[in-house]
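Before any comments, here is the structure.
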Amino acid sequence: MEQQNPNKKEGRLTLVLLLATLIAAFGSSFQYGYNVSAVNSPAELMKAFYNETYYERNDHYINEFSLTLLWSVTVSMFPFGGFIGSLLVGPLVNKFGRKGTLLFNNIFSIVPAILMGCSEVARSFEMIIVSRLLVGICAGLSSNVVPMYLGELAPKNLRGALGVVPQVFITVGILVAQIFGLRSLLANKEGWPVLLGLTGIPAALQLLFLPFFPESPRYLLIQKKDEAAARNALKRLRGWDDVGAEIEEIRQEDEAERAAGFISVLKLFGMRSLRWQVISIIVLMGGQQLSGVNAIYYYADQIYLSAGVNDHDVQYVTAGTGAVNVLMTVCAVFVVELLGRRVLLLLGFSVCFTACCVLTAALALQDTISWMPYVSIACVIAYVIGHALGPSPIPALLITEIFLQSSRPSAFMVGGSVHWLSNFTVGLIFPFIQAGLGPYSFIIFAVICLLTTIYIFLVVPETKAKTFIEINQIFTKMNKVSEVHPEKEELKDFPLSASGQ
């Protein structure tokens with residue numbers, strides 16, 4: 001780790017920092033994972049409920065197509081809400097702060113949790129659809145705000161590890177929903193409203209505990225111009241009183257930025273000095289969602305069934321896959337500071353690419369070679385491992401790292417919108433692709449994984465253990481900014497030329 005000055009201490013994981021991380025991630029990211037997966041197990045029960053409710057009102061049942069469409073809408077309202085949530089990020093984090101936004105966001109979780117919990121008693125499936133939208137808004141906000149909050153709290157040597165924690169909680173949420181969704185627990189006629197309503201509990205806990213933790217020092221110093229508060233926050237987070245050097249670093253970033261002011265989304269696209277950062281975020285977020293991770297989960301049950309797993313045990317195998325996902329993401333927390341971001345992204349996308357190719361072959365040959373189904377199971381697990389190492393956790397972390405304070409909220413809005421729109425698209429279109437192409441649908445995902453891998457290899461730099469300004473200088477060279485403004489040459493030793501940023 002290079003140090004600018006010898007007396008600068010390595011940041012350590014203090015109790016305050018650890019607890020702030022856990023509470024932010026459990027209260028927000030956990031719910032995102034939980035809600036992604038919670039509607040999978042009780043799907044048939046819920047469709048039956050839609051049908052009965054419709055019958056009680058109209059004296060006849062819904063036709064097959066309308067039911068499928070209603071269900072499709074129920075599922076995809078979630079990523080659509082996520083898209084809306086992403087658009088709210090910028091205005092909210094600058095108005096309420098990072099912590100304030102997370103607290104405000106709990107409204108979008110507690111209200112729908114109550115609605116979903118009561119939907120059966122109220123005999124209304126509309127309540128479920130509205131709730132999915134609200135819970136989506138909650139996930140859209142939190143999937144952007146939690147990495148931003150944690151990335152700004154963390155010292156640079158822990159930024160990667162803490163930045164991956166939200167992803168760990170997302171996978172834990174998926175796993176918990178899979179476990180509660182076992183038929184013996186809550187995926188039964190009485191239990192499913194409870195399964196959906198449980199999402200309010202983490203939100204309530206976060207409302208209780210998060211207020212005791214510090215706001216992002218960067219937000220306090222740069223947006224709020226409140227140095228005393230920023231110093232106090234840093235002292236609590238770092239566990240020592242000498243935070244001068246770090247305040248100085250934040251202030252440096254602030255001065256480099258002051259010329260730029262707040263950068264809106266439109267301005268973000270127009271700025272030569274941010275060109276490659278924006279392209280990278282769009283490619284990484286698109287690649288993350290369009291690489292077929294949702295499709296793999298969607299397809300997993302069928303793959304296991306065709307591999308001869310008996311119908312009742314499929315749910316346990318699926319939960320097993322969920323557990324592998326959690327384990328590998330936890331590994332990523334420890335590995336991200338050792339190997340770096342770039343290696344994990346390249347490794348992860350390559351593994352996913354290979355798994356998709358082999359899976360396509362295995363599914364095509366499934367009926368001709370007796371041991372092929374086991375190859376498909378291996379592919380699903382390999383894919384999950386690959387995705388959990390790089391594509392899942394790293395993109396959100398990179399947004400925090402490759403943008404400075406003034407452009408970060410807008411960058412999260414762009415990244416978030418791409419993430420959720422891709423998610424929405426896959427959710428709506430995949431069932432039709434699957435019907436049309438069958439096993440060959442994974443070729444599409446393989447191509448996307450390959451293209452993303454090539455892009456990362458050629459463009460994305462390593463950001464491990466660098467300050468935000470050092471990272472920015474790498475991109476300044478890539479964007480060839482200083483050549484555009486020869487008259488500003490005297491500023492080139494300064495963190496960033498005023499006009500370039």
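Placed from the backbone N, Cα and C atoms, the Cβ positions cover glycine too.
Annotation source TrEMBL lists domain 'Major facilitator superfamily (MFS) profile' at 21-464. According to TrEMBL, the feature transmembrane segment maps to 69-90, 102-122, 128-150, 162-180, 192-213, 276-300, 316-336, 343-365, 371-390, 411-433, 439-460.
Contact count against the transmembrane segment (162-180) (Cβ pairs under 8 Å) is highest for 316-336, out of 102-122, 192-213, 316-336, 343-365, 411-433. Most Cβ pairs under 8 A with the transmembrane segment (69-90) among the ranges 276-300, 316-336, 411-433 are made by 411-433. Only sequence-distant pairs (6 or more apart) were considered; of these, fewer than three Cβ pairs between the transmembrane segment (128-150) and the transmembrane segment (316-336) are under 8 A, so the stretches are not in contact. The stretches the transmembrane segment (411-433) and the transmembrane segment (276-300) are in mutual contact, each linked to the other by at least three Cβ pairs under 8 Å (pairs 6 or more apart in sequence). With a threshold of 8 Å between CB atoms, the same-chain residues lying at least 6 positions outside the transmembrane segment (439-460) that come near it are 276, 279-280, 283-284, 286-287, 290-292, 295, 341-342, 345-346, 349-350, 352-353, 356-357, 359-360, 363-364, 366, 391, 398, 430, 433, 478. Same-chain residues lying 6+ beyond the ends of the transmembrane segment (371-390) with a Cβ under 8 Å from its Cβ atoms: 171, 291-293, 296, 299-300, 303-304, 306-308, 321, 324-325, 328-329, 331-332, 335, 344-352, 354-356, 358-359, 362-363, 365.
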